[in-house]
């Protein structure tokens, strides 16, 4: 095999987070490949953003995309970047590598919730190194890889394993508790739980109205003054859990496949849904607390509050009142969420890609879980 002195790498990124990450690091990739893969090769990297299609099984057809794009664009290699979680058997996959067809796929959720750009750059280097060495015969020049880079790669919670799917020859799979926690964090980040507040107008309105009522009601003042910080904390935690559970149960967000094997696979995704809702409700609580505190400071005279409570008041008295009012408001928000239709809640909870795959899974005749 003649070793090429130039290698063209195409990167096809899904819309959303993959597109933002690849756009941010694309200009650095030729230099990174020269430093960490082979300094004797001239690297050309092109990236495009488009929605990666799904086949009937809910997977991205790596081979078909590789054949089409490499022929049309003259790329030697193709790297796909998606925000879909992927699995090889029971193990979550960081990347799939098909040397025969010159294609690899990176799953961003498996990279976690932080340092996503740096991890994507490092993983891109790793899969390109394997593709060019085994497919194109490019001798790797590892001298440019620093000790810390090699150490990070060695300590990463991933291991190489043979592929079972026809779309990939080998996989980098997450292993151990640390790997699963990283995947869970990445899945929650991809769902963007902070979007819950603007999407659930009915729940937000009910929560705000109830909190406002608590702020101006003297019985709430006395109750908040009598409760200890520990009890107020318990009320807050319970209220957030109540709303998260209500949203999940009322809107049928808990995935319950019929087959036992599919239930095990769906567990991680149900946990990510629960975490997404809990964080989203916590964001709603934080906003509600800030608004209620502003209202309390503006509306309640400290002298009148002291007269009602029967003792001098300070900042703590206002905070306790807002604390209790916000917690009760969140419980009311759970009831208010009943005014939202199920599709609105799904849009607020799941990423576009996850909704697309769930919709495909609900088609007649489809028996697999939507998140395999």
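Heads up, the Cβ atoms here are built off N, Cα and C, so glycines get one too.
Please treat TrEMBL annotations as automatic predictions, because they have not gone through curation.
Note that the coordinates shown come from a computational prediction; the quantities given were computed from them, not determined experimentally.
If you check TrEMBL, you get these features:
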{"type": "COMPBIAS", "residues": "351-362", "note": "compositional bias 'Basic and acidic residues'"}
{"type": "COMPBIAS", "residues": "363-372", "note": "compositional bias 'Basic residues'"}
{"type": "REGION", "residues": "340-372", "note": "region 'Disordered'"}
{"type": "TRANSMEM", "residues": "196-221", "note": "transmembrane segment"}
{"type": "TRANSMEM", "residues": "233-253", "note": "transmembrane segment"}
{"type": "TRANSMEM", "residues": "274-300", "note": "transmembrane segment"}
{"type": "TRANSMEM", "residues": "320-339", "note": "transmembrane segment"}
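Looking at which of 196-221, 274-300, 320-339 has the most CB pairs under 8 Å to the transmembrane segment (233-253), the answer is the stretch 320-339.
Taking Cβ pairs closer than 8 Å, the transmembrane segment (274-300) reaches residues 184, 188, 191, 193-197, 200, 203-204, 207-208, 211-212, 214-216, 236, 239-241, 243-244, 247-248, 253, 318-319, 321-323, 325-327, 329-330, 333, 348-350 in its own chain, all 6 or more past its ends.
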